[in-house]
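Chemist: Positions annotated as region 'Disordered' by Swiss-Prot: 87-122. The compositional bias 'Polar residues' feature in Swiss-Prot is assigned to 89-98, 112-122. According to Swiss-Prot, the feature compositional bias 'Basic and acidic residues' maps to 99-108. Look at Swiss-Prot and you will find Gly167, Gly169, Lys170, Thr171 tagged as ATP binding site. The region 'Domain IV, binds dsDNA' annotation in Swiss-Prot covers 340-459 and is backed by sequence analysis.
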Amino acid sequence: MQKIETFWHFCLKHFRQELNGQQFNTWIKPLKLEVCPDEKNTLILIAPNRFVLQWIKDNFVTRIDEMAQDHFNERISFRLELREPAESEAQTVRTSAQKNREDKKPAAEKTQGVTSRKTNPSQLNASFTFDAFVTGKANQLARAGAIQVAERPGIAYNPLFIYGGVGLGKTHLMQAIGNYVLELDAGAKIRYVHAEKYVSDVVSAYQHKSFDKFKLYYHSLDLLLVDDVQFFSGKNRTQEEFFYAFNALIEAHKQVIITSDCYPKEISGLEERLVSRFGWGLTVAIEPPELEMRVAILLKKALAEKIELDENTAFFIAKYIRSNVRELEGALKRVLAFSRFTGHSISLDLAKEALKDLLAIQNRQISIENIQKTVADYYKIKVADMYSKKRVRTIVRPRQVAMAIAKELTQLSLPDIGEAFGGRDHTTVLHAHRKIIELRTSDPGINRDFNALMHILRG
């Protein structure tokens, strides 16, 4: 094995240790090492598309250079190249898609029950665009993947699976892809459908014995967006029909986008053959927004609604409303309604008055002691273990979860949280919080536990 090949294996080993599973599989794993006899001392990596290439340049080149210094005690030549599908192949895919639209559209328009809304056959909300989507650490990977899919539907990542809690922007991001594609190609056959509506379409086709028409419609789409796929759980005939539609679209290089409230393998009552297919493309999570992102969301929403909202007031609202974007926007609407009712302009004092009941409920329910007891009960350990010096894994991980939740749900400083956990240093709390954030993207069990505990504590 040449020294460059050995070095790249060295890099892969370290990246696996440094990155969570999702990050490694998305950015590093797709890179291909190219060995050139004339450039034996040059690391040449081939990126599958421009998106990955740019991301590597922006985020990993410096780290690769550092690894080279460690491995060789000197810098090496390093080059990133793009190896996209041949233009003729891409053109063939586009021509085939256009031909399928022309061939199948007349028949699809006759389909009963699934194309009745002629004014908006795609069922897309035009306000859900990438420009209107506020980006932060919690959703930047999901947004980046969505843009790549929008620019190269059926070629980039297929399917795209987006998961996360309620009200975090999954539907917005999914429909932004559809609106982007529709803007570039007004003739594209796109359908956004909530999983419950898809179930209803299956039932209707069964009642009217019209499965041929049902299949003709769903199998002829260029872009299928299925929201909240967890509602397919236990519905065997629906899963069977979706399985056939999924296969037909993927084989025809048509794009499938799916959302769920949890990781694919965590969806109970879903056939294994569907779960495995959901993993064929890119699976990305959307997490609850961090403070800065929540402030940005409020300010952007206020601007769109022509509401005068200063940063101090936005910061106050964002500081206390942490769960999801929907509740954040709900709090803003409450402040706006209170402003109109009282005849006073929106200010920090008015926001405090408008939200006092909501804040009182939150403050009453969530204390550090409550968090410790809830987490201890959940993991079946003693509350005393939360502030003990024990280092066994069965206690360390729940303790880290409790610290992370305390940072999210209380107004205590890091030193105060550390003090409540047996006089630990603030850096221990910070490490615990970062560790749990990292594990939530790579360990479905930890993510499930964290979400369940947050739900319990918020009531």
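Indices start at 1 and increase along the chain as displayed.
Cβ coordinates come from backbone N, Cα and C, glycine included.
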Chemist: Using CB atoms and a 10 A radius, I'd like the single residue among the binding-site residues Gly167, Gly169 with the highest neighbour count.
Modeler: Gly169
Chemist: Determine which residues of the same chain, besides Gly167, Gly169, Lys170, Thr171, have their CB within 8 A of the center of the CB atoms at the recorded ATP site, and list them by sequence.
Modeler: Gly164, Val166, Leu168, His172, Leu173, Thr259, Ile286, Asn324, Val325, Arg326
Chemist: List, in sequence order, the same-chain residues at least six positions removed whose CB sits under 8 Å from that of Lys170 (ATP binding site)?
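Modeler: In sequence order, Ile162, Tyr163, Gly164, Asp227, Thr259, Ile286 meet the Cβ cut-off.
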Chemist: Over the span of the region 'Domain IV, binds dsDNA' (340-459), how high is the average pLDDT in this prediction?
Modeler: 86
Chemist: Same chain only, sequence gap of 6 or more: which residues have a CB within under 8 Å of the CB of Thr171 (ATP binding site)?
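Modeler: Expected: Phe128, Asp227, Thr259.
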Chemist: Three-state secondary structure of Gly169 (ATP binding site) from DSSP?
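Modeler: Note: Gly169 (ATP binding site) is coil by DSSP, not helix or strand.
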Chemist: By DSSP assignment, list the helix, strand and coil residue numbers for the region 'Domain IV, binds dsDNA' (340-459), in that order.
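Modeler: Helix, strand, coil within the region 'Domain IV, binds dsDNA' (340-459): 93 helix, 0 strand, 27 coil.
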